[in-house]
Structure formats: structure tokens, C-alpha cells
Amino acid sequence: MRRTIAALAAVTLLGLAGCATDEPAAGPSGSASAAGSGTGEQSKFFVQADYDAELALLDATATGPADRPWEQVLNPKMVETAKFKKAGPHKLCFSNAALNNPWRQVGFKTMQAEVEAQGSRIKEFVHVDAEGKDQKQIADINDLLGKGCDALIVSPNTTATLTPAVTAACKAGLPVIVFDRGVDTPCPVTFINPIGGYGFGHVGAEFVSQRMKPGGKLLALRILPGVDVLETRWSAAKVAFDKAGVDVVGVEFTDGDPAKTKKIVNDYIQRHGTIDGVWMDAGAVAVAAVEAFQDAGKPVPPINGEDQLDFLKLWKDKGLTAIAPTYPTYQWRTPIIAALRILDGQPVSNPWKLPQPTVTQENLDSYLDLDMPPLHYAMCGCTDLPGYPQRWK
Amino acid sequence: MQTVQRPPLPLRLLRVRPGGLVPIIALLAVLLILVAVRQPDFFAPPSLMSFLGRSAPIILLAAGQYFVIVSGEFDLSVGALVTAQVVVAARLIDSEPAHTWPVVLLLLGFGALVGLVNGLITTRLRVPSFITTLGMLLILLGAVYLWSDGAPKGGLSDEFRRFGRWAFEDVPVLGRVPYALIVLLAFAALAVLVARSDFGRTLIAVGDNPRTAELSGVRVWRHRTIAFVLSGVAAAVAAILIGGYSGVSFQAGAGLEFGAITAVVLGGVALGGGRGSVVGAMLGALSLELLFALMNFYGVSGALRSTVQGAIILLAVAVSAPRSSSR
């Protein structure tokens, strides 16, 4: 009897162990020795033309008010929207992929504040959170079509799976606005997003590879594989590292988790003695990576983060050699502005490419607001909105 | 594990018996030699101290898990409890130094409460502890997710984080002694005292044969419930150290329950209860961490860690099963 119980217990434990620790296969690090500088094969998501276009946009001048980057457009291509003209006030509906990370939390608060700021023109704002599930979002969009929305804003959870749902929404005749992640159909009136992943990845990788000592060891930290906006960041970084001849000793997935990140960085410090540069595809765990060096008593090498305030503060306090490319949260304001312009029948740009500023040593002080919480994003463009700063705290 | 029985001299003091310390000490010695061959720098005081500090949470969890397992039960909820505690702490402290101590006390109380609920459901409602604590795992993760809207909020104060991150600097010989190591030593001593007390000895009897224990006047349910409470408190202390070490994270405690159970099994504690020692369980945790460090030095992918844990659990059951049937 005892034996049966113990054996049963062991089997159950093993089953649980299997599903609880779903660590992604460390493919890139496994194949590291094969490729020249350790960056492995290029990502399937890499498209040379898009890469070239995004890098060109980094130097482009935006049109629109300079102090309101969420209204600016890079290389505008205006489309007519007269057929959507409608008398207000309007009912705006928003199908949101998820609220499951601080970036989306800050973004959504910014969007709510923008709705409040435009209160006289919006009679109702309906928000449905798909909680990161494709199936729920497909159902959400379908439900919203029956709710008499004047315009539909979609932030898709995944590109391919949500495309049919967005196509169906376009066919229903109301203006559809897509932002953040894209869909594989030209049917939305406009697709709003910043320059994009290639630009983000390139800026960080170029900085780190230029500042680290020649031939030094670089550790690349990625959140997870297979998401287009993150794959493009890595693929642009890979191009930069291959060009600079950097020795990429590891490409690891962190799941965006600080505990795991700190462990990984610590493992690499122990294994290699020193790490001379750290590149990451998203800044959420940059602080954990820096702490790993501090706790190991090692100098923090050149590193890139993002515009999250905890990282900016650490950067300033410890005098890091750092850079922070951004994926600005102010883009959450733009869909509301776009929706109202479309319902006015005014032309809007499609695609609506927003500028993507970079936090550097020179402008760090202007973005560092110590009164805001550590997980807030500096690039929220929200200081002029109702409820600032309390709403974001 | 049984093949490496070459006890060095001082170990003659320890009795060689099933569930004894000899196998785990031998294993630890082998691992230490292997690490010394591969990466001698590892034994430089700063690196060794930081390793011990980082291993403190899992050693504490193993000590807590020991009490539950030796009494014949399982606690699968500790990993989720650690995650819940870290997320709750961040939200309640909200980067405010003054909230640190009240929240620390609250966490210890919360850990004890979760252990109490686990224990009472298992013993009074007679739900197998596997199911009880699995349910608790899901409840805790779900509740935390709901409460925080899926993204951690707030922040841990530096005062809170110092337990897991800071160290006594400039200590002679050792250099830097992490607070976590001091916390570990204090709680390890406490765990040994509890294990050697009447309670600790009775607990083993309960795990060995609950019926006999019951008939000889032991309140089995009470002993087992207290074991769960000890595990919950150990998880709370581990959560304070882990939250301090790595900050707010939804995966702070992911997989720790398996780490703790593997460590306990590795330390010679019989799954199903009735045999083992808390020192063995803690050394098991240390060996497991050392094994992972060794795998890292050899460049073995971190993804293999769960496989290794699984193999150890299987092997331990396979090795211990014939012995328990021969009794």
C-alpha cells in the first residue's frame, strides 16, 4: 500500500513538474557554437525590406506637433474617410489583447484618460479584455459588432489568428482601427504603431556593441520566441552583432521574469567570469540583469533597457553605460484621436507610423520622474491628461 | 546514490542506517570535488557566500517540506505560496519603507494560515494532501492573478529587499556574508531543534504508521496539521528571501515545490513518511543546488533541470520501495 501511494505520488509529481516548468527550449544557445559569432540562424520573421524601411524611419522627420508625438506621423500616406462621417457623440469600442503586463497597464490608463479628455465627443467607451487569449478576443470582437459601436479599436493578441475576426469587423461597415500588433489584412482604416521592432533592436544592439570592449562577450536576453514584435527586435540585433563581430556567448529566454533573469545572468557570470555587454529585447527585466552584476560584485557592462522608470532611476543612480530604446505607451492615445478624426470624415494616415524616441545619457534627466511608480513608463505622453499623476500611480 | 558509500573519518560518528545522512554527505562530497575540478574559483569566499545565500530559500523550503513528508503527506502548494506572498508583499508595501515590518509579520501569518488550512482540510476532511495542496496551489495562483489584474503592482522597499540581497560587508576571511545565510542558519537551527523535540520524533512515528501512533495516544491530525503550518511558515521566510533577491515576479515561486520535494527525497527522506532527517533534507537541497551549479559550469541547458529533478524523484522511489516492503 505504502509503495503504491509513493509510486502514485511520484508519477503525479512528474506530471506536474512537466507542466509547471515550461521553460522554452534553449535552441539559440544550443546552436551557438555552430554560427560564427554565436547569434545562430536568422529569425523566420526577418524581412529585409521591412528592416531597411524601419532603419530609414529612425532618421525620418515626423510631421505634426512636436510636443505631441502621439499625433505625429512619419512618412504620412493619407486615406479618405469621408464615408465614415457621422454626427457625435460617439460610442467607441475597444477589443484589447490583454492587460497582463505593466506596459499594457500604463497604456490602457493613458487611453482611458484620453477618452476622458475627449469626453464631450464620446458618449460611451466599451472595453473588453481578452486576457491574452485568441479565442476570447475572436468572440469579443464578434460580440462588439452587435453592440452598436461607431468605431472599433483592436489591439490584436496574435497576428494570424485574429486576422479573420478583424476582416469580419471591417465587413460590418464600421471603421476599424488596429494598433500595437498588426493583422494580415489591409481592411482596417488605419494601423497605428511606432517604428517597430527592427528599430528597437537595432538601436540597443548598436549602442552595446560599440561601447563594449572589442571581441568581448555579450549575453542576449529575450522574453520569448515566436512573437513578431519581439522576433524583429532580435533579428535586427543579430544583424548588428554579426556586423560588429561581437562574441555572443548566449541567447536566453527569460519569460520576462526578473527571478529567472537574475538566475540566468548570474549563471553566465559564474560560467564566463565576466560578461562585457548585455542586450535585451524588452526592458522589463533590465533591473534584474543589472542587479545580478551588482550582487556578484562585478561592474555593470554596457546594457540596454527600456523607458520603465525603475531602470532609468538605476541608470542615473549608478551611472550605467546604458541606452533605452522605447516602444512608447503614448501610442495608446492615438487610436482614440484617430477614431474621432475618422468619424469626422477627416483623412488619416495609413499606416500611422509614430516616432519612437530613444532615452540616452543626454536626455535621461528629462524622462526620469522620481514621483512616479517604478513600473511606470516614461514615454506615456500622459502628463497633460486628466487625472495625472494619480491615475498612473 | 547508494554506491558512493565512502564515509570520511568524521562521519563514523553518524550511524549508518536507512534514511541516514551517509549517502547524502557522500553525494555532496562527490559534487564538491567535481565542482572543484571544473571551477576552482567557485570556492573563493565571495562566490561561495553568494551561492549559499542564493540557496537559502530552497534549503528552507526543503526543511519545511521535510516535516510534511516525514509525517506521510505532501505539500505541493509552497511554490504558489511563495509567488502569492511576493506579489502580495509588493502590493502592500508599495515601495513604502514604513510598511516593511508589518508586511513581514503579515506574510509569516499568511504562510501559517495557508499551512493550517492545508492541514485541517487534509486531516479533518480527509482529503488526500496531494489533492488539498494541489487545490491550494491553483487557488493561490488564481487569486493572485485576479487580485493583481495579471500584472504585479507596487514595489518592494529596499528595507524589505535587504533580507534577500544585502550582506554583512568586510567580514574577516569570508568577506561578504549575505543576510540570507544568517536567516538560513537561524531557521535551520530552529528546524533541527523542532525535529529533535518530542514533537519531531512523534511526527516520524505518525508517518511510519499512523494507526499505531493513533492507538498509542498520539493525536495524528494535530501533528500533521502542525507539520503543514511549519511548511507554510518556511515558505513565508523563503518568499521574503526570494522577493528580496529578485524583486516582484509572477514566477517567483514557480517550480519550487518540486525543488523542495526533490531535495527532501535526495536527502534520504522516504516519500510516504516515517523515515529521514531534517538535516538530510537541507543537505539534499544544497546538493541539488550544487548539482545545478555544476550543470551550469559544464554549459548544460537550464531546461534540463526539471528533467534531472524528475529522474531523482523516480530513482528515489525506486530505491526506497523494495526496502519499505521488506520491513
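Glycine residues also receive a Cβ, built from the backbone N, Cα and C atoms like all the rest.
Those TrEMBL annotations? Automatic predictions, nothing curated.
Feature annotations, reproduced from TrEMBL:
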- B:21-39: transmembrane segment (TRANSMEM)
- B:51-69: transmembrane segment (TRANSMEM)
- B:76-93: transmembrane segment (TRANSMEM)
- B:99-120: transmembrane segment (TRANSMEM)
- B:127-147: transmembrane segment (TRANSMEM)
- B:177-195: transmembrane segment (TRANSMEM)
- B:226-246: transmembrane segment (TRANSMEM)
- B:278-297: transmembrane segment (TRANSMEM)
* Range from B:76-93, B:177-195, B:226-246 with most C-beta pairs under 8 A to the transmembrane segment (B:278-297) -> B:177-195
* Structure fact -> Most Cβ pairs under 8 Å to the transmembrane segment (B:76-93), of B:51-69, B:99-120, B:127-147, B:177-195, goes to B:127-147
* Asked: When you check the transmembrane segment (B:127-147) against the transmembrane segment (B:99-120), do you get at least 3 Cβ pairs under 8 Å, counting only pairs 6 or more apart in sequence?
  -> yes
